[in-house]
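Okay, structure first, notes after.
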Amino acid sequence: MPSYEDIKRQCLRSGDLYEDPEFPAEDESCFFSKKPPRPFVWKRPKDICSDPQWVVGGASRFDIVQGMLGDCWLLSAVASLTCNASLLNRVVDGRQTFDAKEYCGAFKFNFWRGGRWEEVVVDDRLPTYHDKLVFMHSAEKNEFWSALLEKAYAKLNGSYEALKGGQTCEAMTDFTGGVTETFDLKKAPGDLFKIMTKAFARGSLMGCSIAAAPNQIEAKLDNGLVKGHAYSVTGAKTFASNPQFRMTLTDPDEDDDEDMCTALVAVMQKNRRKQKQLGKKMLTIGFSIYEVNNTGTTEIEELDNKTSFEDVPHRHQSKEAKKAENDLSAKFNAFFLQLAGDDEAIDPFELQQLLTKAYKKELSGRDLSLETARALISRHDPDKSGKLSLEEFKEMWITIRKWKGSFDLADVDKSGSFSLYELRTALKNC
């Protein structure tokens, strides 16, 4: 098989548009076990619209729309691929064009197969019905990179029908050459969310799917997701989705000698029972109550709400966390990544350098000990990798700031060290 450059050179010289002999514009390239459900007509993009473009406004997950083929697993992998420009550019050459001076009717893609990158060249004839693309296409009518990517992947696997049904991790491996890891949510580790945030920080691709029995395929869940479908995961963040209210109690109970106040809190769900006939069940609801410390410190204590309700998940970002995050962004973000290198994680030696630089004044020109750096990493390294990711470093930085604040408060004589009395006071306040 000649290379893309050879094909392009020959076609531009002859003036002919490329026709792929290995993946012809015939029904057999679509389906191997049956005839197409409709009479397909193979057309080039220039015959479908007046101004065909390779990419319109940059490649994104919104460029991927599923056609009649059951390959949502492939679509979710392609959507995830668009979230990482360097990985996408390795698979899809963004320099390709429909410009008359460069256009030859051929397009190339790269896939990882058998331990090496393999170039796959296809012509741009696509199956249509009533001038509309039958399989994967873009929301933009004149954008064709995603449709041709699917065609190249179909060629790699023998036909479009061969793409029906699959695992997202299969396509992700073919797009990256990486090793995939799968988690069953019924047996997921307790730190799965942290694993996900760390993976995203390192540029990993991620997808998910909903298992379904044969009679449940395409069944829509209450949350809008569809059973039997695969989805791309494009981020992992926490946020408060439930209402939050702040109360200040100022009127002590008359019969309370400790000047305590009483507050009654209740939650309800409205009109849910009416929806039982639609197959919907009652929701599990509840609430959490937190005491806000008025001293400006960051400690918050969860109080017993004297009910058996489950807590509603929510997130409270303290002032200390916000300040630490801002400080990190301003002072250490670039320095952290510079030290971390390609793996975007720092080991004890790198942490020693970073903290020595950050606390130069407090250390009086001395280096932070390597054993201290190892101890700090061990305390904030739940996956036992021996290194800290950026997110783990942020948690450690908040801890160090708290320790330093406690130290400064207890170090009454400002000597930079503790007397026995000062140490006792500091430990009592921790």
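Yeah, the Cβs are placed from backbone N, Cα and C, and that goes for glycine too.
Just so you know, TrEMBL annotations never went through curation; they're auto-generated.
Residues or ranges marked as active site by TrEMBL: CYS72 (among others). Counting only same-chain residues six or more apart in sequence, the Cβ atoms lying under 8 angstroms from the Cβ of CYS72 (active site) belong to GLN66, HIS229, ALA230, TYR231.
The local packing around HIS229 (active site), expressed as other Cβ atoms within 10 Å of its Cβ over all shown chains, amounts to 19. For HIS229 (among others), the entry in TrEMBL reads active site.
Positions annotated as domain 'Calpain catalytic' by TrEMBL: 17-252.
Taken together, the residues of the domain 'EF-hand' (368-403) have an average pLDDT of 85. TrEMBL lists 368-403 (among others) with the feature domain 'EF-hand'.
The domain 'EF-hand' annotation in TrEMBL covers 407-430 (among others).
Under DSSP, HIS229 (active site) is assigned to coil, being neither helix nor strand in the three-state scheme.
Residues in the domain 'EF-hand' (368-403) partition by DSSP class (helix H, G, I; strand E, B; coil) as 24 helix, 2 strand, 10 coil. Within the domain 'EF-hand' (407-430), the DSSP-based counts of helix, strand and coil residues read 14 helix, 0 strand, 10 coil.
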